[in-house]
Amino acid sequence: MDIKRIDKYIFSIKGKNVDAIVFTDQETINDPEFKEALQQIVNVTHMPGIVAALAMPDIHWGYGFPIGGVGVFDAKDGVISPGGIGFDINCGVRLMLTSLTFEEIKPQLRRLVEAIYDAVPVGVGASGAVKVSAKTLRKVCIEGAHWAVENGYGFKEDLERIEDTGKLSPANPDHVSSKAFERGLDELSTLGAGNHFIEIQKVERIFDPKVAEAFGIFEGQVAISVHCGSRGFGHQIATDYIQIMRDKLAHHNKDLPDKQLINAPFEHPIGQQYFSAMNCAANYAFANRQMIGHAVRMALLKIFPTAQVWLLYDVAHNIAKVEVYNNRKLIVHRKGATRSLGPKNPLLPSLYSDVGQPVLIPGSMGSASYVLVGTKKAEEMSYGSTAHGAGRTLGRRAALRSLSYEQVLNELKQKGIEVMSKGKKTLVEEAPETYKDVDRVVEIVDQVGLSRKVARLVPLGVVKG
DNA sequence: ATGTTC
């Protein structure tokens with residue numbers, strides 16, 4: 001690989017149609033562990049209509065495209081690729097703020113974790129939180145979080161605090177297979193497994209008092225974050241369209257450096273159908289986080305009836321969207337990357353217009369999480385993108401080999417974190433030592449200016465699959 | 001991430 005250092009935390013790697021740009025430190029660039037992930041972002045530069053191939057400091061190996069990657073294509077000559085989005089379409093995170101302080105909830109912490117665990121089905125194959133018909137699921141596909149609010153899962157004021165108000169279009173459920181519908185029916189309002197979690201957190205440190213105030217964040221405040229996606233519904237849609245593209249677009253895809261980069265021209269009917277189906281899954285995920293967030297809010301209010309609980313923001317970090325930069329219509333794939341819009345961006349709701357978009361970066365289980373704010377610089381340098389999380393360094397299998405359930409549980413207990421987890425395996429796979437240090441990731445995006453630190457939150461309690 | 005190996 002032909003790598004050039006452009007700035008302290010910016011590297012360029014010689015690509016085919018464009019050069020790949022990687023925002024990270026020298027250590028990661030040199031680390032053999034990240035070599036495959038760097039090769040993956042270089043592979044993306046071979047794709048038709050590529051405008052930019054970027055990687056964030058939380059880059060790691062993924063299906064075709066690296067996680068922590070941004071693939072930008074011309075909407076006219078370019079492509080849309082399921083691997084650039086990920087199997088968990090619209091995996092994302094929402095952060096709810098409360099009027100409570102750590103001191104107030106401390107005596108009830110265990111009870112609160114238990115109440116949340118009881119309110120939200122978790123784990124592999126979790127189901128049965130709500131019963132919806134196929135007809136209703138079609139509405140969820142089209143209306144997303146708006147459907148949830150209209151049906152009693154939350155309040156109207158939640159919607160402007162969700163990226164794209166929790167409703168993307170075009171989203172035609174006719175483009176979704178019946179198999180995806182079957183899987184999606186009884187998984188609404190369930191958390192799932194893997195790195196998904198619900199976490200009770202405490203605001204430990206404020207970096208930017210002015211923006212923190214605009215966001216309603218104060219030191220010692222209790223916050224709750226929900227990290228999940230579109231469950232089996234999105235997974236099936238990704239699987240279906242990868243198969244369709246293999247069957248129907250073999251000739252178009254014959255020259256790819258990696259078969260997993262399979263794609264469809266964005267303007268081709270298959271590209272348009274995948275885009276529409278992907279938006280259905282994205283809307284399902286927005287509804288899912290809205291419903292889970294509301295269930296968590298209700299569980300908290302049962303224990304603390306006079307508390308206030310409100311949504312700060314909800315972001316998607318596995319998605320492709322049509323966005324315009326320099327009067328050019330582009331298809332921006334963010335796979336393990338968060339949108340980062342600066343002040344006055346017209347896509348922002350008025351309540352955040354003066355300061356910029358809240359950017360939510362969850363850490364791994366047992367480590368810190370961050371609230372940052374979007375920047376104009378990100379709009380100029382990274383097509384409005386920043387990092388999404390800590391970034392895995394140790395594979396799931398390796399984690400299971402080297403750690404035990406008791407070990408991980410003890411480690412969390414020693415930090416004073418209350419944990420409830422359905423599966424022992426999940427807890428080990430998600431152990432803190434399997435992830436890169438989130439503080440380092442956040443430091444780099446802050447230094448480069450892709451988003452600015454506002455607050456650091458630490459975990460108090462965690463519910464996992 | 002995932003009815004955790006289509």
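Note that Cβ sites are derived from N, Cα and C of the backbone, with glycine treated the same way.
Note that the coordinates shown come from a computational prediction; the quantities given were computed from them, not determined experimentally.
The number of other Cβ atoms within 10 Å of the Cβ belonging to A:Asp88 (Mn(2+) 1 binding site), over all protein chains shown, comes to 24. Secondary structure at A:Asp88 (Mn(2+) 1 binding site), taken from DSSP and collapsed to helix, strand or coil, is coil. Annotation source TrEMBL lists Mn(2+) 1 binding site at A:Asp88, A:His196.
What TrEMBL records for A:195-199, A:317-318, A:362-365, A:Ser369, A:388-391, A:Lys464 is GMP binding site. The Cβ of A:Gly391 (GMP binding site) has A:Pro57, A:Asp58, A:Ile59, A:His60, A:Ile67, A:Gly68, A:Gly336, A:Tyr435, A:Lys436, A:Val441 as same-chain neighbours under 8 Å, each 6 or more residues away in sequence.
Taken from TrEMBL, the feature Mn(2+) 2 binding site covers A:His227, A:His317. A:His227 (Mn(2+) 2 binding site) counts 25 other C-beta atoms within 10 Å of its own C-beta, drawing on all protein chains shown.
A:His388 (GMP binding site) is surrounded by 29 other CB atoms, counting those within 10 A of its CB over all protein chains shown. Look at TrEMBL and you will find A:His388 tagged as active site, GMP-histidine intermediate.
Of all the binding-site residues given, namely A:Asp88, A:His196, A:His227, those whose Cα is no farther than the 10 Å limit from the Cα of A:Asn318 (GMP binding site) are A:Asp88. A separation of roughly 5 Å, to the nearest angstrom, links the Cα atoms of A:His227 (Mn(2+) 2 binding site) and A:His196 (Mn(2+) 1 binding site). When the binding-site residues A:Asn195, A:Asn318, A:Ser364 are scored by other C-beta atoms within 10 Å, A:Asn318 scores highest. Considering other CB atoms within 10 Å as the measure, the emptiest surroundings among the binding-site residues A:His196, A:His317 are those of A:His196. Comparing A:Asn195 (GMP binding site) with A:His317 (Mn(2+) 2 binding site), their Cα atoms are 13 Å apart once rounded. Put simply, of the binding-site residues A:Ile198, A:Ser364, A:His388, the one whose Cα is nearest the Cα of A:Asp88 (Mn(2+) 1 binding site) is A:His388.
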